[in-house]
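J.: If you scroll down you'll find the structure; I have some questions about it.
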Amino acid sequence: MASVTLGSWIVVHHHNHHHPSSILTKSRSRSCPITLTKPISFRSKRTVSSSSSIVSSSVVTKEDNLRQSEPSSFDFMSYIITKAELVNKALDSAVPLREPLKIHEAMRYSLLAGGKRVRPVLCIAACELVGGEESTAMPAACAVEMIHTMSLIHDDLPCMDNDDLRRGKPTNHKVFGEDVAVLAGDALLSFAFEHLASATSSDVVSPVRVVRAVGELAKAIGTEGLVAGQVVDISSEGLDLNDVGLEHLEFIHLHKTAALLEASAVLGAIVGGGSDDEIERLRKFARCIGLLFQVVDDILDVTKSSKELGKTAGKDLIADKLTYPKIMGLEKSREFAEKLNREARDQLLGFDSDKVAPLLALANYIAYRQN
């Protein structure tokens, strides 16, 4: 498959036209074109070039398949650990333990439970790429993590995925009850916008850019984003593979998973003072790694144990959900992930290679993660 693109109109049909999963939806061009492009690497100049240095991969592809390498001088693990620690401190400060204690305990339980912090790190890296400071991006970074945590709390509820384990710990509703878990998610959702609007420095970021950032975040989680993906996802359980295809699955995950990653990068670029061109290139980059994240997640769900993942393994298979391995097969899913990684990296061609290194490494981190 040389190209996989969702156009502005997406038609997904079922033989029974009254099935809730049947959709005729006008998308906001949430597409990530996948083409057979050449890998990229770094030369001595300060821009990203199109020739490559490659090493073997064992997660997304078989051992004989290839991937691109980052500059040997860039230590991505130190970078992401350092940034994640700063995000954790900022989140701890933003959501202190106060009255009513129970709701704040529930919010903090999931918000501070660890996790990769991919979304806030992406937000910070995008801000720094366009010339902004880490401190400028931190309120936006915290906001996207609050919303991500909300989505996990709600996703784990019995009425959704009915999961008992998240980030290696009992899920929120198992500890605090379903009623408080719902409210904790609601509180994180509303506070994310309050924090983004009030904590972003008005001395650095113009009100126009703050309003733009708020609008982007709201769109990413509503009926043009996360909610759209979730409702089509839960309506697709048990569908016959003959009735759905790759476009259907892409619609789900470009909205359910990629939309918030896209917002993370876009918010970072907006508050960092990025140009419209820089913002759109980072949008496309994040859209591709968002879809990549889900493809890899589906692969890990059928190849790793619950202990390795820190969450229940094989739950999508048990729930008869649509996944990339189910539709494409495991090997084709790995090949598709490799194409997504290359396409994402191509969006960063021409940026300063020193500043772009974290984002290139982040794409590979998502592609080759083990949990």
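Each residue, glycine too, has its Cβ placed from N, Cα and C.
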J.: Please identify which of Arg98, Arg167, Arg209 is recorded by Swiss-Prot as part of the isopentenyl diphosphate site containing Lys116, Arg119, His148.
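T.: According to Swiss-Prot, the candidate sharing the isopentenyl diphosphate site with Lys116, Arg119, His148 is Arg167.
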J.: Relative to the Cα of Arg119 (isopentenyl diphosphate binding site), which of the binding-site residues Asp161, Arg166, Thr257, Gln294 has the closest Cα?
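T.: Going through Asp161, Arg166, Thr257, Gln294 one by one, the Cα closest to that of Arg119 (isopentenyl diphosphate binding site) is Thr257.
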J.: Could you give the maximum C-alpha to C-alpha distance in Å for the residues Lys116, Arg119, His148, Arg167 that bind isopentenyl diphosphate per the record?
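T.: This binding site's residues have a maximal Cα-Cα distance of 16 Å.
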J.: Please compare the binding-site residues Lys116, Arg119, Arg166, Lys321 by how many other CB atoms fall within 10 Å of each one's CB, and tell me which has the fewest.
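T.: Each of the binding-site residues Lys116, Arg119, Arg166, Lys321 was scored by Cβ atoms within 10 Å; lowest is Lys116.
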J.: When you measure from the Cβ of Lys256 (dimethylallyl diphosphate binding site), how many other Cβ atoms are you left with inside 10 Å?
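T.: I get 22 for this one.
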